Amino acid sequence: YSMNIELPKGKCTKIFVISLGNIIGSGIFISPKGVLEHAGSVGLSLIVWVCGGGICALGSLCYAELGVTIPKSGGDYSYVTEIFGGLVGFLLLWSAVLIMYPTTLAVIALTFSNYVLQPAFQNCLPPFIATRLLATICILFLTWVNCSSVRWATRIQDVFTVGKLLALVLIIVVGLVQIFRGHYDALRPSTAFEFSEDPSVGQIALAFLQASFAYSGWNFLNYVTEEVVEPRKNLPRAIYVSIPLVTLVYTMTNIAYFSSMTPEELLASNAVAVTFGEKLLGMFSWVMPISVALSTFGGINGYLFTSSRLCFSGAREGHLPYFLAMIHLKNCTPIPALLLCCVATIVILCIGETHNLINYVSFINYLSYGVTIAGLLYLRKKRPNLARPIKVNMLVPISYLIFWVVLLGFSLYSEPVVCGLGMVIMLTGVPVYFLGVHWKNKPKWVYRLVERVTYRGQKLCYVVFPQEDPSETEPLTASKATD
């Protein structure tokens, strides 16, 4: 069971399509309201969307260097573990398993339920219980699909990708028609920068956190570096094309929203694309909620599909119970990892609100990005002679880290409870690491208990530990011994 994707030899097109498909997701249907709310004006919100794409480009280039320098599966977690050691890597893994994946899944599932239910509740918000119940049913169904068959999961991903592309193309085309007809009052320079109150740096930082949720997926590129022929050439090319294109699509989508809605209408909407469709598409307005629902449905499936790969990497390093890395004997699906992610997501569904959850998960995401890119600078100093097929200019990681420090500092200042809670949960991993990983000479009864639980779990889920791929456990590079 592998998340790696084999790319046709000599082709850059495939990696471009993969990177584009993983960045463009359901976040563009969720984040515009939060970005506008924190930015305070139409003009500043559009600037945030453009600058957010630029920051992703800087991060992508840094991750491209790390991906070919440390050719291991597991992404951020593998890089940080290799560079800084077990504790920092474990904290990243801990936060990903408990926060990043489940919270992202919860946000997308809530968006799915809101877009499905909103047409039935046109003059009010869908009931709290109804949205949570539908989101839970969606999570349970897709968990069952991913547990049953890898092929089903990948086919769902392929089919439902069409939904998000249809919705975005429709929004942009209709929005451009509106602009050509002269409907762009909210976009005029005289009104675009009208603020209801003076914007603070902290609120702008939160606007960037909201936008970053839509751009999440840019770091997927480092998962396919091992399969790319001539990554030194093809990987940067894919980044140079895909990131600007995604930025253009997201910016045009927001411009289309403002061609038909005032800022007040957008902020009052619980499902922005549905409101857009109701105002402009008339009898065909039903297309919009269906398209967004398909997009979010595919997004949930994709995150469930990839979460198990991280669990496998963590178990391989001894940072997670080996039970979480086991796969079904016949279907080759990672049932324990999927069930863990499903349960954690349902718990977060019941206690969180969408926009707070976005701030919560985006803060932790940015924290892990910054630590990983700081590792790039540390590795440059610690091992300057290490073979680096891709080597970015030092200004790229330094610029990213300056933005990172400012963003996280002011976000924590503006939302100390939401952002601070994520840090507290991450730090709870410190005692867990020393008790569960670092402490080697545990009492025999602990090992017997773990063995008994693992054995019963194997019988219940009908799973076994997969045979390791030797290529995934090779040393960093052959130069490690001579460096």
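Backbone N, Cα and C atoms are what each Cβ position is placed from, and that goes for glycine too.
Copied over from TrEMBL, here are the features:
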type	residues	note
TRANSMEM	12-30	transmembrane segment
TRANSMEM	42-63	transmembrane segment
TRANSMEM	84-109	transmembrane segment
TRANSMEM	129-147	transmembrane segment
TRANSMEM	159-180	transmembrane segment
TRANSMEM	200-218	transmembrane segment
TRANSMEM	239-260	transmembrane segment
TRANSMEM	280-306	transmembrane segment
TRANSMEM	335-354	transmembrane segment
TRANSMEM	360-380	transmembrane segment
TRANSMEM	392-414	transmembrane segment
TRANSMEM	420-439	transmembrane segment
For the transmembrane segment (200-218), what are the same-chain contacts with Cβ under 8 Å, counting residues 6+ beyond its ends? 19, 22-25, 27-28, 30-31, 34-35, 37-40, 44-45, 48-49, 51-53, 55-56, 59-60, 63, 104, 107, 243, 246, 250, 355, 358-359, 361-363, 365-366, 406-411, 413-415
Per the Cβ under 8 Å criterion, with at least 6 residues separating them from its ends, the transmembrane segment (335-354) contacts 30, 97-98, 101-103, 105-107, 109-111, 114, 132, 135-136, 139-140, 143, 146-147, 304, 307-308, 311-312, 323-328, 360, 457, 461-463
Using a Cβ distance cut-off of under 8 Å, indicate which of 84-109, 239-260, 392-414 has the most pairs with the transmembrane segment (280-306). 84-109
Six or more residues beyond either end and a Cβ under 8 Å away: which residues meet both conditions relative to the transmembrane segment (159-180)? 21, 24-26, 28-29, 187, 249, 252-253, 255-257, 259-260, 273, 276, 280-281, 287-288, 290-295, 297-299, 301
Near the transmembrane segment (84-109), which same-chain residues lie under 8 Å Cβ to Cβ, leaving out any that are not at least 6 residues past its ends? 26, 30, 76-78, 135-136, 138-139, 213, 216, 296, 299-300, 303-304, 307, 310-311, 314, 317, 319-320, 340-341, 344-345, 347-349, 352, 354, 357-358, 360-361, 364-365, 367-368, 371-372, 375, 378, 422, 425-430, 432-433, 437-438
Intrachain residues whose Cβ lies under 8 Å of the transmembrane segment (392-414), provided they are six or more past its termini: 55, 58-59, 61-62, 64-65, 200-206, 208-209, 359, 363, 366-367, 369-370, 373-374, 376-377, 380, 420, 423
